[in-house]
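S.K.: Here you go, one structure.
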Amino acid sequence: MDLAELQALAEQERSKRKSIRVHCCTSTGCQAANSLGVKENLDKAVEETGMGDRVEVVGVGCMGFCGRGPLVQIDPMDTLYEEVTPETAGSIIHALNGGTAEPVQGDSQHPFFARQMRVVREHSGKVDPERIEDYIALGGYQALHKVLYEMTPETVVQEVSSSGLRGRGGGGYPTGLKWATVAKMPGDQKYVICNGDEGDPGAFMDRSILESDPHLVLEGMAIAGYAIGATHGYIYVRAEYPLAIKRLQKAIQQGKKYGILGSQVFNSPFDFKVDIRIGAGAFVCGEETALIQSIEGGRGNPIPRPPYPAEKGLWQCPTLINNVETFANIANIIKRGAEWYSSIGTEKSKGTKIFALTGKIRNNGLIEVPMGITLREIVEEMGGGVPDGEVKAVQTGGPSGGCIPASLLDTTVDYDSLIKIGSMMGSGGMVVMDKETSMVEVARFYMEFCRGETCGKCVPCRTGTVQLYSFLTKILKGQATAEDIEKMEALCYMVKDTSLCGLGMTAPNPVLSTLRYFKEEYLELLKQPQNGKVPV
Amino acid sequence: MSVKTLTINDQPIAIEEGKTILDAAKEAGIPIPTLCHLEGVSDVGACRLCLVEVKGINKLLPACVTQVAEGMEISTNTPKLQEYRRMAVELIFAEGNHVCSVCVANNNCELQDVAVEVGMDHSRFVYRFPDRGVDVSHSQFGIDHNRCILCTRCVRVCDEVEGAHVWDVAQRGAACYIVSGMNQPWGEVEACTSCGKCVDACPTGAIFRKGTTTAEKAGDREKLEFLVTAREQGQWTR
Ligand SMILES: Cc1cc2nc3c(=O)[nH]c(=O)nc-3n(C[C@H](O)[C@H](O)[C@H](O)COP(=O)(O)O)c2cc1C
Ligand code: SF4
Ligand code: FES
C-alpha cells in the first residue's frame with residue numbers, strides 16, 4: 001500500500017459513512033451491563049424503521065463514563081444516552097424519526113466531558129476498534145507513513161524528545177531519551193515492547209485504550225521500531241483482558257493484510273512484526289525486567305538494574321519498553337508536531353494523562369485531562385464531588401502512591417508536584433475517599449495487595465510487607481503501642497531503601513503518606529492507657 | 001583491560017574493570033556481609049545484605065552485582081547500613097523457624113554468622129512460626145523448608161554447575177518455597193544426580209545430609225571451595 005492508496009481508502013471509507021452514526025459501547029464495562037444486547041436491538045430497530053440508508057449502528061470502544069453504562073452516543077447531534085437496556089434501545093432509533101427516547105439523556109456538556117482534553121482518547125468511542133478501515137478513515141497510519149518516507153530515525157527520536165513526552169507507566173522517564181539510548185546501542189537485533197500488564201487495582205486506562213483503539217498503539221510501536229532500528233515488537237497483555245487481546249489479534253491481522261505491519265511496511269525496506277504475549281496476571285510482571293523474563297518464558301522475577309533493558313533486555317538485546325498510553329501518544333506527536341504537543345501541560349510534564357476516577361464520587365469513569373489541572377478541578381468539577389459528604393483524601397498512584405489530604409487539593413497534577421507531596425502519578429488510578437473512610441484501613445488494603453503480589457525474591461519486600469501488614473492489623477485491632485508505630489515507620493524506610501525493584505521501593509508509600517497526613521488516626525487507634533499505664 | 005581506582009571506607013584500591021564492589025572489598029580485606037552470593041555461580045542481588053553507600057548516588061547499591069567505576073567513594077558500614085542490615089537479618093529470623101540449638105548447621109551456618117556480625121540478639125519483629133514441610137524422600141539428603149531463607153544458591157548451583165536444574169522457586173511472596181522437579185518429592189526427581197552440591201551451597205541447615213545431627217553439618221562447608229572451580233575444571237559430578 002502506498003500513500004495514495006491509503007488516502008483513497010480513507011476517502012472511500014468516509015464517503016461510505018451514513019449521515020447518522022449511532023455509537024454503542026462494546027467495551028468490557030458496558031458489555032458486562034449487556035451492551036451487546038443493546039446493540040442487537042439498535043440494529044433491529046434500524047432495520048424495522050427502514051432507516052438503514054442514513055443511519056448506521058457502530059460498536060465502539062470506551063466513552064469514559066463507565067459508571068453509567070451501557071452508553072449510546074449519536075453523531076452528529078452528539079446526544080448521549082445512559083444506562084440503555086435492550087428494551088429501551090429501540091426507542092433511541094425511533095426518536096430519530098421524532099419519537100421520544102426512553103433512556104436517560106446524558107449531558108455531553110457536563111464538566112466531566114467538557115473539561116477533558118482528548119488526545120489519546122480522541123477517537124475512543126467513535127472508531128470501530130475491529131475495523132482497520134475505520135481507523136484509516138480518521139487519518140490512521142498516516143503518521144507511520146510519514147516517518148517512513150519523510151523522516152530519518154534520528155529526526156523521529158528528535159521529535160519525540162522535543163515533545164517532552166514522559167513515560168505513562170508510572171515513572172515518568174523521558175520517552176525521547178529512552179528512545180535515543182536504545183537507538184544508539186550497537187547491535188543488529190533490537191526489540192520494542194509495549195507494557196500492557198496494568199496490574200494496579202482499580203486502573204483500567206490501558207485496557208480501555210487497547211479495547212477502543214488498538215491500531216493507535218500498534219502505530220506508535222511501529223514508529224518506535226523504525227526510530228530505534230527494531231523489526232520485532234511484543235505487546236504484553238494480562239490474561240484478564242480477553243477482549244483487548246482479541247481486538248489486538250484482529251488489528252494485527254488486518255494490519256498485515258494491508259501491508260502496514262509485517263514485511264516491507266508501506267512497501268518500504270522497513271519490516272515490523274508484532275507478537276502478543278499473555279501474562280498470567282502478576283502485578284510484578286509489569287516491572288520491566290520481570291516482564292522481559294516472563295516473555296522469555298521464565299519466572300517473572302525482577303533482576304537488578306543496571307544493565308537496563310535499553311542495554312540488555314529481551315534475549316540480551318537492546319530493548320525499548322514503554323507503556324500502552326505512552327505509545328498511544330506517538331502518532332499524534334508525529335502528525336501534529338512536537339511543538340503542538342509541548343504546548344499542552346506544564347513545564348516539565350507535557351501532554352495529557354488518563355485517569356480512572358473512582359471511589360466515593362458522583363461521576364466515575366475514565367477522564368483524559370491536560371497535565372497541570374488541579375486535583376480540585378478533577379474531583380469537584382468533573383467528578384461532581386462526594387455524594388452527600390466531603391472529600392477527605394485522594395489516592396493516586398495505586399499501591400505505589402499515596403493519599404493526598406483534602407487540604408492539598410489545589411496541587412496540580414504533574415509528575416513532580418505529586419512526588420513532592422509524597423504520592424505519585426503512577427499509571428493513573430485516582431480513588432476519592434470521604435470522611436467515613438479509615439486511612440489506616442486504606443494503608444492496610446494496599447499493603448495486603450503488595451504482600452500478595454511481591455515476587456518473594458528479595459528479603460526486604462518479601463518479609464517486610466508481611467511485617468508491615470501485621471503492624472497495621474495490630475493497630476486496627478487496637479492492640480498497638482506508640483512503639484509499634486515507630487518500628488513500623490522505621491521498617492517502611494528500610495523496605496523503601498533496600499528493596500530490589502520498584503514494587504518494594506514504593507510499597508511503603510501508602511503507609512508513609514497516611515502517617516504523614518493522618519497520623520492522628522493512627523494515634524486514636526492505639527491501646528488506651530489504664531490507670532495511667534499502657535497495658536503490655 | 002583497564003584498572004579502576006576507588007576507595008572503600010577511605011582505603012584506596014586498584015582493581016580490574018568489570019569486577020564488582022564485593023570483589024574489591026574482598027581483595028582489600030574489608031568485610032561485607034552476604035548471604036545470597038556464592039562464589040562460582042551467578043549473582044541475583046536478593047538478600048540485600050551487601051548494600052553499600054556510594055558518594056553521589058542517592059540509592060544504596062548491592063556490592064555483589066555492582067561493577068566498580070573509576071573514582072567511586074564507597075562506604076560499607078555507615079550507621080544507616082548497620083541498622084538496615086540488622087533489620088534484614090531480624091526479618092529473616094522472624095520469617096522462618098531458625099532454632100540454632102537443634103539445627104544441623106549450628107556453629108556452621110552463614111545466617112548465624114551474619115547475625116553475630118550485625119549484632120542481632122533478638123528480633124523486634126513478630127516471629128511468624130510458619131508451618132512449612134520437611135522432605136526426606138531422597139535416599140541421601142533432606143530439605144527442611146523451615147530453615148530455608150530463599151537465597152536460591154541451591155537453585156543456581158544445581159542449574160549452573162551441575163546442569164541438572166532440579167530446584168526452582170514456586171509461588172510468590174511469603175508463600176515462596178524451593179521446589180524440586182515438577183513439584184515432586186525430591187527422591188522422585190529423576191534429574192537429580194545426588195551430587196550433593198546443593199547441600200554444600202546451602203548457607204543454613206535447610207539442605208542436609210541424612211544422618212547428621214545437631215551441629216554436624218560442619219564438614220560439608222569446606223567443600224564450598226569446590227564449587228568455585230568446578231566448572232572450569234569440568235568436574236560436573238563427584
Ligand atoms: C511493580 C511494578 C509494576 C509495574 N507495572 C506496570 C504496568 O502495569 N504497566 C506499565 O506500563 N508499567 C509498569 N511498571 C513500570 C515499568 O517497569 C516500566 O517502567 C514502564 O513500562 C516503562 O514505560 P514508560 O517509560 O512508557 O512509562 C511497573 C513497575 C513496577 C515496579
Ligand atoms: S522488591 Fe519485591 S517484587 Fe521486587 S524483586 Fe524484591 S521481592 Fe520481588
Ligand atoms: S549478597 Fe548481594 S544481595 Fe545478597
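Just so you know, glycine gets a Cβ as well, placed from its N, Cα and C.
Quick paste of what TrEMBL says about this protein:
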DOMAIN    B:2-80  domain '2Fe-2S ferredoxin-type'
DOMAIN    B:80-119  domain '4Fe-4S His(Cys)3-ligated-type'
DOMAIN    B:139-170  domain '4Fe-4S ferredoxin-type'
DOMAIN    B:183-212  domain '4Fe-4S ferredoxin-type'
S.K.: Which sequence positions outside the domain '4Fe-4S ferredoxin-type' (B:139-170), separated from its termini by at least 6 residues, show Cβ-Cβ distances below 8 Å to it?
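M.R.: For the domain '4Fe-4S ferredoxin-type' (B:139-170), the nonlocal Cβ contacts are 35-36, 38, 40-42, 44, 46-47, 92, 95-98, 103, 105, 111, 130, 132-133, 176-181, 183, 186-187, 189, 191-210, 227, 230-231, 236-237.
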S.K.: Checking distant contacts: for the domain '4Fe-4S His(Cys)3-ligated-type' (B:80-119), what same-chain residues at least six beyond its ends satisfy Cβ-Cβ under 8 A?
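M.R.: Contacts of the domain '4Fe-4S His(Cys)3-ligated-type' (B:80-119) (Cβ under 8 Å, skipping residues fewer than 6 from its ends): 31, 33, 35, 47-49, 51-53, 60, 125-130, 132, 146-149, 174, 203-205, 208, 212-218, 221.
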S.K.: May I have the DSSP-based helix, strand and coil counts for the residues of the domain '4Fe-4S ferredoxin-type' (B:139-170)?
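M.R.: Output for the domain '4Fe-4S ferredoxin-type' (B:139-170) reads 13 helix, 8 strand, 11 coil.
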S.K.: Across the whole of the domain '4Fe-4S ferredoxin-type' (B:183-212), what does the mean pLDDT come to? Round it, please.
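M.R.: Taking every residue in the domain '4Fe-4S ferredoxin-type' (B:183-212) and averaging pLDDT yields 95.
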S.K.: Looking only at the domain '4Fe-4S His(Cys)3-ligated-type' (B:80-119), what are its DSSP counts of helix, strand and coil residues?
M.R.: 27 helix, 0 strand, 13 coil
